[in-house]
Each structure stands twice: as structure tokens, then as C-alpha cells.
């Protein structure tokens, strides 16, 4: 059983596994909830019919969907210890657990709200680029589980956000996730269910 499948198994059986403290740590596998409407960042093997044609990224209201798990990796060409606290203003990548792709953005137009940028899932651990890098924007030293954060795309400067629009078929009811040029009411995210890797004491 590979590492991704093993993590999915533990998430499905045990739900939430928390560390001893309340910081979010490197290589944890989490869901990101948008507190504006309670939906969770989501992806699946469904391609956009326009724009880049890459794997679509949406948000869903259900809390138990296995396609909403993301593992927190250091940015391309950076290294951090497993279980070490993620500092505010750190650069990171979010790996979609079930498909192995990374949360990605670029200058393609979003599929529904044409004034925003497309957000997709793309690449793999062996095929990753700077378009996968995001900055954690928060107000403390470390990213705290209970804290609302923003994710700013390194290359384009856009913020990961809900647009307020919903898709029709084949992903009926799922929320559009986009990159916005400034912070909006849909730009806040919060760590939710997941496996939080415990910090290792030196």
C-alpha cells in the first residue's frame, strides 16, 4: 500500500488525528475550509472544458469527501522538517492526496467568473513548477489551526478565493475556486479535518 493510500485509509477510519499543539505542520494532510460558507477545497479527475484543460479545483459543502484532502509540502526547491510548524509568510505547495497533483494557478481565465484567474490541479512530485507555490498569509508567527488564513499565489499574486458561482453538470453544485487580484469575502481559509503530523522534539 503506497503512502497516499495509507493516509487515505487512516483518514477514512479515524477522521481527525491532531498533534499535541494547535500549529499546522509540514507534511500534514488536511482539509481547507472556507469559513464564508463552510465549503472545503476539493479536486477530482475532472478536467476543465475551457482555459488550461487541466484538472479542475472546486469547493464542496460535504465534510467527508475523500477528494478534499491536501498534503502540505515545502515550495519548490525548499526544504523543511516533517512535523515542523509552518511559519506565516512561508511558501508551500498543496498536493491533492487522491490524484497526486498540486494546487496550481496561472493567467488563464477562470471558467465561470471571467474577471478572475483559473485555479487548477496539475503536475506531480516529479513534475512541479513555480506555478504550484503559494504563500501562507496570517497574523501570527506560526500557522494556527483555529486561525483564518489567506493563500497568495507566488507567480501571479492572486488570492485563492471562492467566486460565489456554482458549476452545473457534471459537477453540479460545486463552488468555483479562483485566483482574485485582491482579498475578497471568499479569500479566507481555515485548517479543518486531517492528519496533523506531530512536531518532533530535538
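Any Cβ shown, glycine's included, is placed from N, Cα and C.
Per TrEMBL, domain 'MIR' is recorded for 21-75 (among others).
Taken from TrEMBL, the feature domain 'MIR' covers 83-139 (among others).
According to TrEMBL, the domain 'MIR' annotation covers 140-194 (among others).
Under the heading signal peptide, TrEMBL lists 1-19.
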Exercise. Summarise the domain 'MIR' (140-194) by DSSP state, stating how many residues are helix, strand and coil.
Key: 0 helix, 27 strand, 28 coil
Exercise. Would you mind giving the whole-number mean pLDDT across the domain 'MIR' (21-75)?
Key: 95
